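Pulled from TrEMBL:
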| type | residues | note |
| --- | --- | --- |
| DOMAIN | 53-498 | domain 'Major facilitator superfamily (MFS) profile' |
| TRANSMEM | 49-71 | transmembrane segment |
| TRANSMEM | 101-120 | transmembrane segment |
| TRANSMEM | 132-150 | transmembrane segment |
| TRANSMEM | 162-181 | transmembrane segment |
| TRANSMEM | 193-218 | transmembrane segment |
| TRANSMEM | 224-242 | transmembrane segment |
| TRANSMEM | 310-333 | transmembrane segment |
| TRANSMEM | 353-370 | transmembrane segment |
| TRANSMEM | 377-400 | transmembrane segment |
| TRANSMEM | 406-432 | transmembrane segment |
| TRANSMEM | 444-464 | transmembrane segment |
| TRANSMEM | 470-490 | transmembrane segment |
Amino acid sequence: MGALPTKCAMEKPKVGESLQEQSLTFQEAPLMAHENSKQEERPQWSWSLSWAAIGSSLGAAVPVGYCTGVMNSPAELMRSWCNETLIASYDLHLSDVWLEILWSAVVSIFLVGGAIGSVVGATMANRFGRRGCFYICGLLLALGAISFYACRPLHSVELLLLGRMMVGLAGGLLTSFMPMWHSEISALSQRSTLAPLCPMGLTLGVVIAQVCSLRSVLGGPENWHFGLAFYGLLVVVCYAPFRWYPESPKWLFIVLGCKEDARRQLQLLRGYTADSAALKAEMEEMELETASGVNPRGLGQVLRDPQLRLPLIIVCAFLGGQQLSGINAIFYYSVSIFRKAGLSKQASEWTNLGAGSLNLFASMLGPVLLERVNRRPLMLFSTFFCTVFLLLFALMLYFIESYSWFGMGCIGCIFLYIFFFQFGLGPMPFFIGAELFELASRPAAMSLGSLTYWLCNFIIGMAFPTMQNLWGALVFLPFSVTCLLIFCLTKRYLPETRGRDPSEVAPLVASGFKSKVMLPKQAAILG
């Protein structure tokens, strides 16, 4: 791994008397020049951009997804090991109740780490940069893998807990900075392709974990610790060439004031020549943003700004609503749900793997759809059908004894819900904040959205078993209502962001709940 960015020659933008002239010039000429330059020289898919997108997704997003899904299959084996280890090491005999509490701590400390990582994500993104956050995320994942590998031979439950905390911190940091990083290193025309890579990496990690944690693979009584740490190989491979990962040109230029470094990064990322008109246009845009006095804003400043209230509600509602829509409840307890639908234990496990594979396949459609279809119709389409199939699933499961075919109907509803989930509700919440917020407020907004995501994930993991015992099959009705509420929020308040710079989108939602967003018909397909 390379070193974290430290400092550069701080070049202050020339403001003062020339500021008005710069503003007039920007209004009259550079905007047209920028459009002409985009027509003359379109950004290329350079090796630097491609490696940053693929390497960061495989090296960080996939491991975090892996750690999310790897605990399900070997849970009974690990629970027994924890009990035996505490007896051997401390002569501590836990009752069934306390053993359940310990296991809940092992599972949920990952989510607690995610919430903490989200809270500090904004500060770290501004202090160390987006690439620096990626470096720290890799260190946390590596420490987690070492702890997982060593916990069994060293007979240490503490190392297991420490490893879960480390990867949770990495997960919270990841969901705060990675969509923002991908947004800032890509050109406007490339953003739709990179936007879903973070959630797609998380989904791929869960599927790999489902395979690796099978007893016949790495989920047996003698090798489950290898299964927990297996993702470490991917971290090593993807972080070895760390020096070739690019930093965000906007962060270098606007936050640090390193103009030449930003220029070099733009050349590498876009494939521009040194005298390119498109490169000059992008530099002028960042110069104007710097001259307007943009400074990174903290969590408190973002929360107090009334113009940011609606976009902040959208980001938090999308990320929290994604978790409260029931996707993790279904995957956490899918095997038991399939058993209740009439499948055998082995058939339920294979059906669960099939559901995870469908989730991955549908997520791979994300880059294609987001490149060609506007955000609003995709989100409306996704949330509408998720509402319908969750409602049908709850009703069929409730009346499953009434008709023999309701069992297969339940399985069909789950598969269809997963499929439509990945059209919008799956990928879009992760990156919509990067498209709604300008650079100054973006880290804090993404951090708050990420915090909401992890807290709602924690609530579902802890509350769902109790709710299921109380309500039975009807526990899925609130998930359907959540999808319906997100549908209504999208219909009324989400502006179209595809092909638009955040500076164009921000005024559309600046009036709070009185905002009049553009309709999809008015938001022409750009790029």
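Any Cβ shown, glycine's included, is placed from N, Cα and C.
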Residues from the same chain, set at least six apart from the ends of the transmembrane segment (162-181), whose C-beta lies under 8 A from its own: 52, 56-57, 60-61, 63-64, 67-68, 106-107, 109-122, 124-125, 130-131, 133-134, 136-138, 140-141, 143-148, 151, 195, 198, 228, 248, 319, 430-431, 433-434, 442-443, 446-447, 450-451, 453-454
Whether the transmembrane segment (132-150) meets the transmembrane segment (224-242): three or more C-beta pairs under 8 angstroms: yes
Long-range Cβ neighbours of the transmembrane segment (310-333) (under 8 Å; 6 or more residues past either end): 69, 72, 175, 206, 302-303, 352, 355-356, 359, 386, 390, 414, 417-418, 421, 425-426, 428-430, 432-433, 436-437, 445-446, 448-450, 452-453, 455-457, 459-461, 464-465, 468, 475-476, 478-480, 482-483, 485-486, 489, 493-494, 506, 509-513, 515
Overall pLDDT of the domain 'Major facilitator superfamily (MFS) profile' (53-498), taken as the mean: 86
Cβ pairs under 8 Å between the transmembrane segment (193-218) and the transmembrane segment (406-432), at least three: yes
Cβ-Cβ under 8 Å with the transmembrane segment (377-400): same-chain residues at least 6 beyond its ends: 325-326, 337, 340-341, 369-370, 406-407, 409-410, 413-414, 416-417, 420-426, 428, 472-477, 479-480, 483-484, 486-487, 490-491, 494, 520
Surrounding residues of the transmembrane segment (353-370) on its own chain - C-beta under 8 Å, 6+ positions past either end: 69, 192-193, 195-197, 199-200, 203-204, 206-207, 210-211, 330-331, 334, 378, 414-415, 418-419, 421-423, 426-427, 498
